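Mind having a look at this structure? Questions to follow.
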Amino acid sequence: MLHTTQIRMVGTGSAFSKKFYNNSALVTFTNGYNLLIDCGHSVPKGLHDADIPLESIDGILITHTHADHIGGLEEVALYNKFVLGGRKIDLLVPNTLVESLWENSLKGGLRYSDTYDDLSLSDYFTVRSLKTFTSGAARTQLEENIAIKLYPTFHVSHMASYAVGLEDRGEDKVFYSSDTIFDEYLIDYALTYSWVFHDCQFFTGGVHASLDELLNYIPEEDQDRVFLMHYGDNMEDFFTKTGRMRFALQGRTYIL
């Protein structure tokens, strides 16, 4: 058993990054449960390069259905089923996304195989539907000492997307924004957690919070608890322009 929660950043890049893998984090809770948040198309390669075997992952949580967050699921599903002998891991999906994740994203590549016909998502994963609300936090108990809170985010019109609050042994430990525009109310929720991992872009406008918006809103005394992620390939140009916030670095493990 670990003494504290750990996060390893498998990828920290934006959807179009070529220097960094798709934004994804492997969370290890104090009871040893390994949860991968999001699995974009480049994440399986990121796991391989970080020497993280799929066998070590207990569950994957999906925050929304853009390809840089779900594009690696087909590979994971097929590898577990046909290389690892049908091993099923947890797939944690917001209840608003379960149907669309399969019908609109994964079904085309996973419905049929050379030995099986008309497969479903539950043939590959132990699907665990997570509660959602239209505002505020919806809490789902995952295991005895682990709970997941989902917060709806504004990312792209007509697409459900969620930030994630991670509770470990009763403590609101980590807030993980995934993808969101700048949202004062969401940041207020985030700052109730011990640590914050927030997406960041280097211009204002579009579908992510900008560095300037975060700098101007988050109090200086709270900025040292904030790590910036989901950034562009020009991240190094802004390395000294983040106030007391820091960039989450790909491959780095954060002991929280």
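Along the chain as shown, the residues are counted starting at 1.
Note: Cβ is positioned from N, Cα and C throughout, glycine not excepted.
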Write down the one residue from H3, H230 that Swiss-Prot lists together with D68, H69, D179 as binding Zn(2+) 1.
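The record-listed residue among the candidates is H230.
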For the Zn(2+) 2 site that Swiss-Prot describes with H64, H66, which of these is also annotated: H155, H158, H198?
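Swiss-Prot names H155 for this Zn(2+) 2 site.
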Taking D68, E74, D179 as the recorded positions to compare, which has the smallest set of other Cβ atoms within 10 Å?
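Looking at the recorded positions D68, E74, D179, the Cβ with the fewest others within 10 Å is that of E74.
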Quick check on the recorded positions: of H64, H66, H69, Y112, H155, whose CB has the lowest count of neighbouring CB atoms inside 10 Å?
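Selected from the recorded positions H64, H66, H69, Y112, H155 on minimum Cβ neighbours within 10 Å: Y112.
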Excluding H64, H66, H155 themselves, which residues in that chain have a Cβ inside 8 Å of the centre of the Cβ atoms defining the Zn(2+) 2 site?
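These residues sit around the Zn(2+) 2 site: T63, T65, H69, V156, M159, S161, S178, D179.
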